[in-house]
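Annotated in Swiss-Prot:
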- 36, 38, 40, 42, 47: Ca(2+) 1 binding site (BINDING)
- 72, 74, 76, 83: Ca(2+) 2 binding site (BINDING)
- 109, 111, 113, 115, 120: Ca(2+) 3 binding site (BINDING)
- 145, 147, 149, 151, 156: Ca(2+) 4 binding site (BINDING)
- 23-58: domain 'EF-hand 1' (DOMAIN)
- 59-94: domain 'EF-hand 2' (DOMAIN)
- 132-167: domain 'EF-hand 4' (DOMAIN)
- 1-23: region 'Disordered' (REGION)
């Protein structure tokens with residue numbers, strides 16, 4: 001199932017560099033400077049939470065602490081500008097991935113009912129020159145269909161694609 005989705009995603013849109021735009025880099029720099037309120041050159045957990053909100057990310061205290069721990073090389077409990085840029089690049093990449101998966105879902109959902117049905121997969125596979133049996137298509141749907149309604153909704157699709165792409169849940 002995942003090979004069909006990856007093929008569709010690649011056909012629809014050429015691969016693009018996931019670097020940050022100049023505007024995004026500037027926004028990150030401004031956010032860092034704005035929220036480094038004491039001018040120390042680092043951002044602590046409280047400052048990071050405010051910065052993340054300003055950039056459009058709502059996060060729990062636990063998520064903020066984990067973000068700091070993931071990039072805090074010296075164990076100071078705060079992050080410097082380079083660590084902040086690295087962390088924000090990853091967060092923005094996650095958001096881009098969700099947008100790409102949403103587009104892929106919409107392409108595969110041929111009847112535009114908000115769910116991917118076995119018929120959608122069969123027609124898409126045929127358009128791509130793939131030949132799957134009904135049993136193979138049913139197995140693909142069952143792999144992702146958590147609510148067991150016989151179709152794959154957006155949440156199920158996202159979960160399955162993330163599991164496929166990242167080897168986890």
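Cβ atoms here come from the backbone N, Cα and C positions, even for glycine.
Residue 40 (Ca(2+) 1 binding site) sits 55 Å from residue 149 (Ca(2+) 4 binding site), taking the Cα positions as reference. A Cα-Cα distance of 18 Å separates residue 38 (Ca(2+) 1 binding site) from residue 83 (Ca(2+) 2 binding site). Least crowded of the binding-site residues (38, 109, 149, 151), judged by neighbouring Cβ atoms within 10 Å of its own Cβ: 38.
Among the binding-site residues listed (72, 145, 151, 156), 151 has its Cα nearest to the Cα of residue 111 (Ca(2+) 3 binding site). Helix first, then strand, then coil: DSSP counts for the domain 'EF-hand 1' (23-58) stand at 23 helix, 2 strand, 11 coil. Of the recorded residues, residue 147 (Ca(2+) 4 binding site) and residue 42 (Ca(2+) 1 binding site) place their C-alpha atoms 45 Å from one another.
Residue 76 (Ca(2+) 2 binding site) has a Cβ environment of 12 other Cβ atoms inside 10 Å. In sequence order, 109, 149, 151, 152, 153 are the residues near residue 115 (Ca(2+) 3 binding site), counting only same-chain partners six or more apart with C-beta under 8 A. Nearest Cα neighbour of residue 145 (Ca(2+) 4 binding site) among the listed binding-site residues (74, 83, 113): 113. Secondary structure counts, DSSP: the domain 'EF-hand 4' (132-167) has 24 helix, 2 strand, 10 coil.
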